[in-house]
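> Below is a structure I'd like to ask you about.
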Amino acid sequence: PEARGAPLGLLYLLGLRALVHVSHRQLLSRPAAAGPREFSAPRAREYLDNITAIGPRTVGSPENEVLAVNYLLQQIRAIERESTDAHKISVDVQRPTGSFSIDFLGGFTSYYANITNVVAKLEPRNGAEHAVLSNCHFDSVPNTPGASDDAVSCAVMLEILNTLSKSPEPLQHAVIFLFNGAEENILQASHGFITQHEWAKSIRAFINLEAAGVGGKELVFQTGPENPWLVQAYVVAAKHPFASVVAQEIFQSGIIPADTDFRIYRDFGNVPGIDLAFIENGYIYHTKYDTSDRILTDSIQRAGDNILAVLKYLATSDKLAKSFEYRHGNVVFFDVLGLFVLAYPARVGTIMNYITAAIAFLYLSKKVLQPKTRAIHNLKKFFTAFGLTLISWVCTLVAVLIVAVFVSVIGRSLSWYSHFYVSVFLYGTAAAATLILVHTLAQKFFYKNMNEQYLGDIFFDASLMIWSTALAVITQMGLCSAFICTLWVAFPLLTKLMIHKEFSQKGATMKFVMMYMLGMFVPYLYMMYLSWTVFEMFTPIMGRSGSEILPDVVLAGFIVVITMILSSYFINFIYLVKSTKTTLITLTTVFVVTLILVCSGIFFPYSSDAANPKPKRVFLQHTSRRFHDLDGNVVKSDSGIWINGFDYNGISHITPHVPEINDTIRTPCEEQAPFCGLPWILPVHFMFRLVKNWYLPAPEIFPRSPIHFKVLSKELMPWNSVRLSFEVSGPSHMSVYVRPHKGSALSTWSLGDGMPVASLGGDYFVFYSHGLQATPWHFWVELTAPEKHSDGIVSLAIAAHYFFGEDQKSPQLYALLERFPNWTFSSGWSCTYDLFVF
């Protein structure tokens with residue numbers, strides 16, 4: 001016997017990591033060249049280049065409402081002229097007005113007026129009663145070209161429409177292509193379509209094309225609700241499948257601060273669907289670097305092949321017309337290294353999970369309780385090992401989180417953002433070393449002179465017990481992701497039963513180690529593959545998750561969890577090998593060296609590398625504020641550039657480049673005003689600490705198209721209520737903030753469904769946008785008021801945001817933006833803020 005267990009384990013995991021990386025690369029292997037009736041990526045790229053050449057397409061701008069719309073109509077009509085006689089193509093431009101409330105970002109209400117949807121319907125010549133919807137959005141966030149989010153999806157849809165229209169065979173059902181023009185305004189255009197368009201009534205299922213990164217693979221991360229037949233359609237039809245119920249449950253948990261049109265179709269249209277998104281390279285998502293040249297043609301081909309195949313399958317499926325008959329039940333689904341997708345009903349998964357857990361419990365009980373004369377002794381040893389395993393995990397988590405907090409406190413957060421290996425060398429080695437150290441100490445002082453084979457055997461059983469318990473609990477919770485636990489119970493148990501004789505032999509022989517690793521290959525390979533996918537999604541998100549969250553703590557916690565999972569069946573090797581001294585010294589050395597380097601600041605978080613930028617995100621708003629009293633008099637006014645860094649580091653790395661942005665100009669909170677008297681474009685105040693944003697004094701701005709706000713009426717209503725009616729006209733984006741005073745309550749209003757939805761903190765937020773030629777916005781609020789209200793019953797503020805055109809950036813804002821370093825993405829605009837008391 002030799003002290004090789006831990007090093008072999010590390011080599012095993014490194015080998016699996018390499019295999020996983022190769023499998024991810026193979027997912028993007030070049031598809032075959034397109035035939036005459038197949039998807040053509042070069043044509044789709046031409047569409048993509050032309051859409052992004054228009055520039056940023058903010059809702060309300062001529063680029064979005066005129067140029068992009070005209071281009072889409074031109075291409076659709078060209079496709080219509082070349083379509084075969086088997087098909088009929090209808091085109092419509094919808095400009096809906098509406099309102100709804102949503103619990104996203106803590107809850108707020110949205111109002112839109114005259115926004116734009118371009119809709120094309122492909123159907124048989126004699127029409128179709130039922131339809132499947134394909135959705136993309138052509139608008140973009142301000143100051144970005146929006147190639148992956150979501151111009152590439154619209155380009156893919158144009159080419160799919162072109163391909164289908166040239167087929168000589170008619171489809172059984174219609175395919176509706178919705179190019180929606182206001183998704184970045186928090187899902188407004190999809191709401192306008194599904195609740196108001198006449199074609200929406202025929203839709204029985206949808207596919208939503210989105211992005212959380214720039215190119216790469218498109219991941220199916222949401223399906224349903226229920227309707228397992230949709231997942232089966234994807235499984236059967238998709239040529240390059242990539243799907244995960246784990247991603248679905250993570251996304252729907254709310255951990256990721258994002259949402260898609262999927263929610264609107266599900267909640268307001270009661271339509272089931274499939275949600276896909278590009279997830280690679282999220283570092284440049286929603287930045288100026290999201291350009292068409294960064295999206296590989298192979299990625300476009302892959303997405304086109306998949307979506308075309310699934311749409312064609314659904315449009316020729318008998319199940320689409322009778323989808324209500326197949327709507328019940330959830331489904332467990334996951335791809336195997338991108339080669340194929342396994343999917344089965346959740347109820348089948350529940351039975352499999354419980355049977356697997358029961359077999360494991362039966363095996364463990366038989367093992368521990370026999371012979372009966374030693375049952376008590378065996379139980380004590382078993383639960384001691386069980387407890388030690390849990391203690392080692394807790395110690396590992398605490399130790400690594402202490403390191404993460406220390407790194408954050410000294411100002412070295414996100415050192416791994418541009419150098420991912422740093423997180424593994426810093427937190428991964430700390431986790432592995434702590435775990436090994438705890439068990440080494442237990443072996444030396446608690447299990448002194450005890451048989452190594454017996455210890456290895458009992459710690460294997462302890463890990464099996466933990467996984468079996470987790471399997472039963474997670475299954476009981478109704479989570480489909482419990483299939484992962486099934487892998488970690490079934491394969492280790494089978495491995496143990498096959499090599500139980502080797503377990504009892506003295507020493508960890510090479511034959512035993514190889515057979516053991518071979519048996520563990522499937523769960524370890526899948527876990528490495530899944531972990532890499534999650535890392536790929538979550539690491540970039542840490543750069544835009546706000547200043548409240550400590551990203552190092554989040555990533556360190558995730559690495560600890562992965563370490564605990566991957567080490568769970570290697571803990572027994574610590575008790576089988578002669579010594580762990582070499583392994584501990586190696587891990588500790590790597591950790592200490594990495595920590596010293598991190599503390600020295602050698603790993604700069606951000607990168608301006610032209611080929612692979614990883615910028616810091618900063619938002620700057622040149623703001624003029626006025627605060628009015630009950631009589632309408634301005635009692636306070638100021639003007640400045642309000643600066644928000646989108647990650648935990650705030651502006652600390654920028655201050656050396658722009659010295660006037662320092663701790664002396666931190667943003668004050670106006671306590672009497674809703675949302676601290678600040679012009680939030682969205683209610684994301686809970687993600688940012690005021691100690692980590694700045695208000696740099698600047699001259700007052702005078703927009704050429706100022707906001708006009710007036711009170712139309714004040715009415716006394718029954719039950720001691722007061723109704724205030726308003727009229728507002730202004731730029732395409734405005735925000736309204738409402739705070740009832742003490743003793744007053746906002747009972748109803750003319751927005752959404754009439755029931756006010758409060759944001760986190762108790763204030764009310766209304767997000768407003770309009771397209772071209774919108775009429776003035778009229779709305780009213782109704783409040784119950786106390787008999788005495790000398791200081792008024794409500795404070796209401798309104799902010800106007802200028803995202804494009806001549807009012808967007810003042811000379812002072814331009815000058816400041818020019819001074820920001822090239823490793824930042826700084827998005828700036830002008831806004832005004834007025835607070836009134838009524």
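All positions are counted from 1 along the displayed chain.
Glycine too: its Cβ is placed from the backbone N, Cα and C atoms.
For 1-25, the entry in TrEMBL reads signal peptide. Per TrEMBL, the feature domain 'Peptidase M28' maps to 117-310. Annotation comment: TrEMBL describes 336-364, 385-410, 416-442, 454-475, 481-500, 512-535, 555-577, 584-606 as transmembrane segment. TrEMBL lists 379-599 with the feature domain 'Endoplasmic reticulum metallopeptidase 1/1-A TM'. Under the heading domain 'Endoplasmic reticulum metallopeptidase 1-like C-terminal', TrEMBL lists 613-836.
How about a rundown of where these features are and what they're close to?
Long-range neighbours of the transmembrane segment (336-364) within the same chain, counting only residues 6 or more positions beyond its ends whose Cβ lies under 8 Å from a Cβ of the stretch, are 20, 23-24, 26-27, 217, 228, 231-232, 234-235, 238, 240-243, 329-330, 382, 461, 464-465, 467-468, 471-472, 475, 480, 482-483, 485-486, 489-490, 493, 525-526, 529.
When Cβ-Cβ distances below 8 Å are used as the criterion, the transmembrane segment (454-475) is approached by residues 349-350, 353-354, 356-357, 360-361, 363-364, 367-368, 381-382, 385-386, 388-390, 439, 443, 447, 481-482, 485-486, 488-489, 492-493, 496, 503-504, 508, 568-569, 571-576 of the same chain, each at least six residues removed from its ends.
Under 8 Å from some Cβ of the transmembrane segment (555-577) lie the Cβ atoms of residues 1-6, 9, 13, 389, 392-393, 396-397, 400-401, 403-404, 416, 423-424, 427-428, 431-432, 435-436, 439-440, 443, 447, 452-453, 455-457, 459-460, 462-463, 466-467, 488, 492, 507-508, 520, 524, 527-528, 531, 534-535, 538-539, 542, all in the same chain and six or more residues away from its ends.
Long-range contacts of the transmembrane segment (584-606) within the same chain, counting only residues at least 6 positions beyond its ends with a Cβ under 8 Å from a Cβ of the stretch, are 403, 407, 410, 412-419, 422, 425-426, 429-430, 432-433, 436-437, 440, 614-616, 649, 653, 823-824.
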> Flag the pair the transmembrane segment (481-500) / the transmembrane segment (512-535) as in contact if three or more Cβ pairs fall under 8 Å (sequence separation 6 or more).
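As far as Cβ distances go (cut-off 8 Å, pairs 6 or more apart), the transmembrane segment (481-500) and the transmembrane segment (512-535) touch.
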